[in-house]
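Have a look at the structure below before the remarks.
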Amino acid sequence: MACRWSTKESPRWRSALLLLFLAGVYGNGALAEHSENVHISGVSTACGETPEQIRAPSGIITSPGWPSEYPAKINCSWFIRANPGEIITISFQDFDIQGSRRCNLDWLTIETYKNIESYRACGSTIPPPYISSQDHIWIRFHSDDNISRKGFRLAYFSGKSEEPNCACDQFRCGNGKCIPEAWKCNNMDECGDSSDEEICAKEANPPTAAAFQPCAYNQFQCLSRFTKVYTCLPESLKCDGNIDCLDLGDEIDCDVPTCGQWLKYFYGTFNSPNYPDFYPPGSNCTWLIDTGDHRKVILRFTDFKLDGTGYGDYVKIYDGLEENPHKLLRVLTAFDSHAPLTVVSSSGQIRVHFCADKVNAARGFNATYQVDGFCLPWEIPCGGNWGCYTEQQRCDGYWHCPNGRDETNCTMCQKEEFPCSRNGVCYPRSDRCNYQNHCPNGSDEKNCFFCQPGNFHCKNNRCVFESWVCDSQDDCGDGSDEENCPVIVPTRVITAAVIGSLICGLLLVIALGCTCKLYSLRMFERRSFETQLSRVEAELLRREAPPSYGQLIAQGLIPPVEDFPVCSPNQASVLENLRLAVRSQLGFTSVRLPMAGRSSNIWNRIFNFARSRHSGSLALVSADGDEVVPSQSTSREPERNHTHRSLFSVESDDTDTENERRDMAGASGGVAAPLPQKVPPTTAVEATVGACASSSTQSTRGGHADNGRDVTSVEPPSVSPARHQLTSALSRMTQGLRWVRFTLGRSSSLSQNQSPLRQLDNGVSGREDDDDVEMLIPISDGSSDFDVNDCSRPLLDLASDQGQGLRQPYNATNPGVRPSNRDGPCERCGIVHTAQIPDTCLEVTLKNETSDDEALLLC
C-alpha cells in the first residue's frame, strides 16, 4: 500500500496524470508505473477474421462499446500468450450478456486449446475467476442479431504458479502465487485457495450507499477504485479524463468539447485537445487543410498516443476535404503509437478526423503539415525536396534527411563521415545502408532512403542483399522482398521431380515386364494344352474315313432311307437317284415297316430266316424264260401269272443288256430311266443265289433272247413229292446254317465298327425312338410251288400263300383281316406308292404286321 499511496504527496496535476495511467489497468493501480507492460484491448483487430495477439503480462479486455451496448452480430477473439511456465488468471469486473438456457445466443468462452471449450458464460451474474493450466488461452465473444446488453470487462494477469517473492504492489497467496493487490478482498478467489479472501472475513461487511451521509453540494459520491469504499470526491474531478470511480461514474456522460479548425497556410501545426495532457473521453474533432496549392501536402505526426479500450480511439486521414471512403489514405489507432508518422496526399487538400470513445483517454497527438518543398520556420531544409530537420535532430546519429545533410560536418567526425550517435563513433558513406552494422546501435542501417549497390531497398527503409530477394524468406521484416516474385521452381524441386519420374518409369517398366512374362507363361501353357489336343485330332484324322452313304447302299450294307439327313438339296437329289437306280436294277419296291426291337437273340433270327426261306422271301433271282407254276394264293387280290425275268444271270452279269433291264417287270410306276451301272449288293441274297446255283442239276445255261435270238433251256427232270419235301427240308437247313455263319461274321464286324451306319445292319440305332426301315421286295409276276432246285423262282411271292403269310399283320381283334398287296393303287388313298408309304396308309395295312425282328431279317 505504501508503493501505491506515496504518489498522493505530489501536486494535484501529477496525481491526475497518475490516475490517467491507472485507467489502463482496471482494478490494479499499482501497475501504473509499468504502463508499457499493460495491454488495453480494443476492437481494431479483435473483431476481425483473426484473433488479436496479446503478449503483455497483464491487461484489460472489454466487449465492443462497453459500458454501452455491444453491437449485434459480432464475433471477437483474443489470444493471450504468456511466458513459458507461467499461468494466466482472469478476473471478471463487469458482466452483462444476454442470457439463455445453454448460452447459445450471446456467449463468452475461454479455451485452453483451440476450438475446445473449457469455460462458457452468459447472463448478468459475474462469473468466478478463471485460472488456466497452460501459458496461453483463447477468449471468444459472440452476439446474435437480437438483444444487446452492456457487455463485459475483465482483467488478466500472468505469472508463475509459485513465486519466492512478490512485488510490493502484489499479494502473495497461500500457495505461493502472486496476484495484483487490487484483487484482494474483492469476494473472488483469484488465488485458487481462497487465501486472498481470508483476512477480509474479519472485517465488517462492505459499506453500502445508505451507510454514507450525503456529500456536500460541491462533491459527488463515488466508490473509489483504489480503496473499494464509498467516498466523496469534488466535482472538479468529473470529466477531467481521469477515472476515479470504480464504476467510471466520474467520466461517463460528459460534455464533448468542441475542437478542430480550418487551416489555409502552406504550413502549420495542430494537436489533440489538452495535449500534452489526456484528451477528454468522447472527443470528436476534424481539421481541414487547404493550402491553395496543387502540390502535395506532407503531414507528420511527431507524437502519437491513443487509447485502445472499447472500440478504440482513431484518426482517419482523407485525400481531399470530403469524407469519402474511397479516398481514405490511412487510419491510425493505438497500435500505431510510434513516431514519426508521415502521410502524403496527392493534392493540396487533406481532411483529418479524430474520434475518441467515452472510456479512458490518452496523451493524444501532435502533428505538422507543409507543402512539399517548404519547411517550417523552426526547421532547416535538407535541400531540394528532401524535407526538413530541426536543430535537435542535428548530429544525433539518425538520418532525418534522405541525403544525410543533418548528419554531415559533425564536430566529432571527419569529413564525409557520419556519427553513429552522440558518443563520437563515426563511419564512412560507403558503409551506409549495406546491410552490415558498423555502429553499435545499428544507426547506419536505419532510415535508409537509398541502398548501396548489390542491396535491395525495402519499403520500411531497410536494405538487404539482392540475393535474398524472392527466396521465400521475409528478410525485410515487412515482406516487401517477397512481393511480385516470379514463380520459379527451385532446383531441389526439379531434382526431386526428375528422380521421382525415373523411379516411376522404372516401376512401370518392371510392371510391364512382369505382365508380359505372366502373359507369355499363360500362353505357353495354353499352347501346350492345345498342341496335345491337336495331335490327338491329327491321329484321328489319319484314320480311314468311314464309307459314304452311297457306298454303303451300293455294297448292300444298308438299305436306302429316304428321310436320311442331308446337308444340301444336291446331296438329296444324288441319294434319290442312287436309290432309284438300285431299285431299277433289282426290281424292288419299297416297303416301310416299323422297327422297334433292338435286341433279338440269334435263335429267333435263325427261326425267322428258316420261316422266311420257306415262304420264299429271299428269292431275288429266277431263270430266264422259265414258266412259273401257278399256285393258290390266300391274298385278297386276284392271282397274277406272268413270266418272271431274272435281273442277274446265274453265269454272269455280262449277258444282261440295257433292253432287258428296260423291259423287266417289278418296279412300280413304269420303266425306269437308264442310269449308270451299279455294283450288285453283296448281301445274304447273293449267298442264297449262289446256293441255289450250286445245288441245281441244270447243266445247260440259259441265254437271254435278245435282238431276235432264241434262247434254249433244258427242262428240269420231274421229282417225286416225297423227295421234293426232303430236298426242301435239307435246303432250308443248309440255308439256315449259312445264315448263322453270315450273321456271326457280321456281328464280329459290327463289334469293331460301331458307327451309326453300321448299327443299322445290326438293328441298333443311337435313338430310342422307332425308326422306319425301307425294305426292297421284288414283285413276282406269277405264283407257283416252291422248288428248292429251281433258282428261277423268287423266294418271296407276295401273291402266294407263303407271301401272304409273311405279309399278314397281327391283329388281336380281327386276326383274319389282312392288308392288300403293296402293288398297284393304294386301297386307302388310290395312289401308287413308288417309294415311301405315308403313315396314314400304313395305319390300316401295317398296323399289326410282323415283329421288328422279322422285318430286319427281310432286309
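Residue numbering: from 1, along the chain as shown.
From the backbone N, Cα and C atoms, a Cβ is placed for every residue, glycine too.
Feature annotations, courtesy of Swiss-Prot:
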DISULFID  C47-C76  disulfide bond
CARBOHYD  N75  N-linked glycosylation site
CARBOHYD  N146  N-linked glycosylation site
DOMAIN    165-201  domain 'LDL-receptor class A 1'
DISULFID  C166-C178  disulfide bond
DISULFID  C173-C191  disulfide bond
DISULFID  C185-C200  disulfide bond
DISULFID  C222-C245  disulfide bond
DISULFID  C239-C254  disulfide bond
DISULFID  C259-C285  disulfide bond
DOMAIN    259-372  domain 'CUB 2'
CARBOHYD  N284  N-linked glycosylation site
CARBOHYD  N366  N-linked glycosylation site
DISULFID  C375-C388  disulfide bond
CARBOHYD  N409  N-linked glycosylation site
DOMAIN    412-449  domain 'LDL-receptor class A 4'
DISULFID  C413-C426  disulfide bond
CARBOHYD  N441  N-linked glycosylation site
DISULFID  C451-C463  disulfide bond
DISULFID  C458-C476  disulfide bond
DISULFID  C470-C485  disulfide bond
TRANSMEM  493-513  transmembrane segment
TOPO_DOM  514-859  topological domain 'Cytoplasmic'
COMPBIAS  748-757  compositional bias 'Polar residues'
COMPBIAS  801-814  compositional bias 'Polar residues'
Cα distance (Å, whole number) from C254 (disulfide bond) to C426 (disulfide bond): 54
Per-state residue totals over the domain 'LDL-receptor class A 4' (412-449) - DSSP helix, strand, coil: 6 helix, 6 strand, 26 coil
Among N75, C166, C239, which are recorded as recorded positions, the nearest neighbour of C285 (disulfide bond) by Cα: C239
Cα within 10 Å of C173 (disulfide bond) - qualifying recorded positions among C259, N284, C463, C476, C485: none
For C200 (disulfide bond), the three-state class that DSSP assigns: helix
Which of C413, C426, C485, the listed disulfide-bonded residues, has fewest other Cβ atoms within 10 Å: C485
The domain 'CUB 2' (259-372): DSSP-derived helix, strand, coil residue counts: 6 helix, 55 strand, 53 coil
Listed disulfide-bonded residues (C191, C239), ranked by Cβ neighbours within 10 Å, top entry: C191
10 Å Cα neighbourhood of C259 (disulfide bond): matching recorded positions from N146, C200, N284, C458: N284
Cβ neighbours of C476 (disulfide bond) where a neighbour is any other Cβ within 10 Å: 21
Per-residue pLDDT averaged over the domain 'LDL-receptor class A 1' (165-201), given as an integer: 82
